[in-house]
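Visitor: Annotated transmembrane segment per Swiss-Prot: 19-39, 42-62, 85-105, 107-127, 134-154, 165-185, 211-231, 233-253, 265-285, in sequence order.
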């Protein structure tokens, strides 16, 4: 394997774009904190971090295999390894299988409930790319897939999926719909031409209002989570910071339109980090005060 092929595999796995990994990782780590009622065991952190990174790459490969014919018509994607012929579909399938086995080996260190849930996670990862052909809001399926680690984190630690896990899961789904709608704006004109469905297409001229709506639905659910878990005021301070971020972004969208959508999408990982930090500090305060 030469240097050019290695680079092509690297690009296929999207390792040059770590932001989506962080968008999945922060909610998963936050779920580990919530499930542990504090800092989780280091083994869980290692297993879930590896799992997130590997399954993100698996999702990217599946997406590129499914979209190889569509990607040829989109300026942003027509140079991807499969579309440009740098790698074959066969190469991609073997890499996908290998990485899936790595992820499954990681999950074998967890309980049976979590192992069973991992098959649901894989199903969602496979389903998402094909939803763009028939489902008006494929971002909903992406939200289900991206944030399924929340359920797996709770099942690994508590061997159950309690109410707070569901609240947090739905909150992150709303957040995912919002930020991936921003991302989809970059391809909206191409999607309209080739018949690909997305929330950016569905919401039309009111897309920025819907982005703000889903952002604030996620914040409302975080407030409900805080009330349910009896969190202190510090948690709500973090929610306020997130709301200011969303309002700021809304006016940036209105001003700059789709020219800033990729940067706006990338900035969302800070929201995940803020929620993770306030969850950690929340339990530290509970522990020592």
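Counting starts with 1 at the first residue shown.
Cβ coordinates come from backbone N, Cα and C, glycine included.
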Visitor: Cβ pairs under 8 Å with the transmembrane segment (134-154): which stretch of 42-62, 165-185, 233-253, 265-285 has the most?
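Guide: Against the transmembrane segment (134-154), the leading stretch is 165-185.
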Visitor: For the transmembrane segment (211-231), could you work out the same-chain residues 6 or more beyond its ends whose Cβ comes under 8 Å from its Cβ atoms?
Guide: 34, 163-164, 167-168, 170-172, 174-175, 177-178, 181-182, 239, 242-243, 246-247, 250, 253, 275, 282
Visitor: Do any residues of this chain, six or more beyond the ends of the transmembrane segment (19-39), have a C-beta under 8 angstroms from a C-beta of it, and if so which?
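Guide: Contacts with the transmembrane segment (19-39): 45, 48-49, 52-53, 55-56, 146-147, 149-150, 152-154, 156-158, 164-165, 168, 172, 176, 179, 229, 265-266, 268-269, 272-273, 275-276, 279-280, 283-284, 286-287.
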Visitor: Tell me if the transmembrane segment (265-285) touches the transmembrane segment (165-185). I count contact as 3 or more CB pairs below 8 A, with pairs 6 or more residues apart.
Guide: yes
